[in-house]
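In what follows, a structure is listed as structure tokens, so that the remarks can point back to it.
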């Protein structure tokens, strides 16, 4: 019978594959969140003043989901896979922001990146403890 449990990393490279999948899941989650918020801003009386809070919420959800996915896929060292996934997401978003808009560097942006890494760590710890069926 076929195994439909999803891709399994090879024993020689579990970290790269798990983190890559976690990062892809994080970015896809963020994209879905962005589309939902953009739709809500267009079709509801939602104010643009709430946009910074909504974007940070999207980032947090994306990192948690990606870290959960990466750590669950790896099956061990959830804190490690969650931290690397959170760091990869924070760096990817920072690079995209710096190349696509007039963004100025601020201590708040650095703190947000550090928070995303810490949140990724917690997501990884939770994800590694989820049972695979």
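Note: Cβ is positioned from N, Cα and C throughout, glycine not excepted.
The transmembrane segment annotation in TrEMBL covers 18-41, 53-71, 78-98, 110-130.
The stretch from 53-71, 78-98, 110-130 with the most CB pairs below 8 A to the transmembrane segment (18-41) is 53-71. Within the chain carrying the transmembrane segment (78-98), a Cβ under 8 angstroms from the stretch's Cβ atoms is held by residues 15, 18-19, 22-23, 26-27, 30, 59, 62-63, 66-68, 70-71, 109, 112-113, 116-129, all 6 or more beyond its ends.
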